[in-house]
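*Asks:* Let me give you the structure first, and then I'll get to my questions.
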């Protein structure tokens, strides 16, 4: 009642916003392959994203299988030829849910919105690992607009969107706490498994670096660490004092 119907001819609006969020996020996660400023590993960030998506979709499957609501979309209403799917002719059709017609014109998988799962997971991930404050604000704003457009397009009920908002945020919060924290890539830590060639090259680099350090220490006369030098200076001072004391005693006895 609060959001009037957009109509079938404007149903593309919510899909346009969703597609822009989806494509932008995917491109952002792969930017370390292009730009020199590498803040994270693409593999590690997608491991976290997939963990969030799997947990959220698992809960979604439980909810929409336990409660079937009449679909609010135009093709699900009484009198529409797409309101019911034809009976499957084979086991393959059952497994594929009459793909792609069942995916495009499905009417039962409502609680909660899958579009909002992807949107909120992507926005929250950028909120944590992104660097542009304006893009973070824009992403949350687009998520809110998409929520309203989904309801106005009659693709979901308001309960589907509201449940998605708090469920996905809670899932991301708890799953993120269980996963190990992803350090900043700029720290120089090597987080991904290395091949044998890379390991040999890295070991050689470390060995060369150690040899250079030893060479510089020898040139500068600083082979030992500062603590040893301080201790040695103290010992040398005591030794000089002992020599001076012995010389003064010898001089006194001689006179």
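Just so you know, glycine gets a Cβ as well, placed from its N, Cα and C.
TrEMBL entries are annotated by machine, without manual review.
Heads up, here are the entries from TrEMBL:
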- 12-33: transmembrane segment (TRANSMEM)
- 45-65: transmembrane segment (TRANSMEM)
- 102-122: transmembrane segment (TRANSMEM)
- 106-174: domain 'Sphingomyelin synthase-like' (DOMAIN)
- 134-151: transmembrane segment (TRANSMEM)
- 157-175: transmembrane segment (TRANSMEM)
- 193-255: region 'Disordered' (REGION)
- 196-217: compositional bias 'Basic and acidic residues' (COMPBIAS)
- 225-244: compositional bias 'Basic and acidic residues' (COMPBIAS)
*Asks:* For the transmembrane segment (12-33), what are the same-chain contacts with Cβ under 8 Å, counting residues 6+ beyond its ends?
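*Replies:* For the transmembrane segment (12-33), the nonlocal Cβ contacts are 6, 39-42, 45-46, 49, 115, 118-119, 122-123, 125-126, 130, 139, 142-143, 145-146, 149-150, 152-153, 155, 185.
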*Asks:* Which sequence positions outside the transmembrane segment (45-65), separated from its termini by at least 6 residues, show Cβ-Cβ distances below 8 Å to it?
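*Replies:* Residues 29, 108-112, 114, 117-118, 121-122, 124-125, 129, 163, 167-168, 171-172, 175-176, 179, 182 contact the transmembrane segment (45-65) from elsewhere in the chain.
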*Asks:* Note the mean pLDDT of the domain 'Sphingomyelin synthase-like' (106-174), expressed as a whole number.
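*Replies:* A mean pLDDT of 89 is what the model gives the domain 'Sphingomyelin synthase-like' (106-174).
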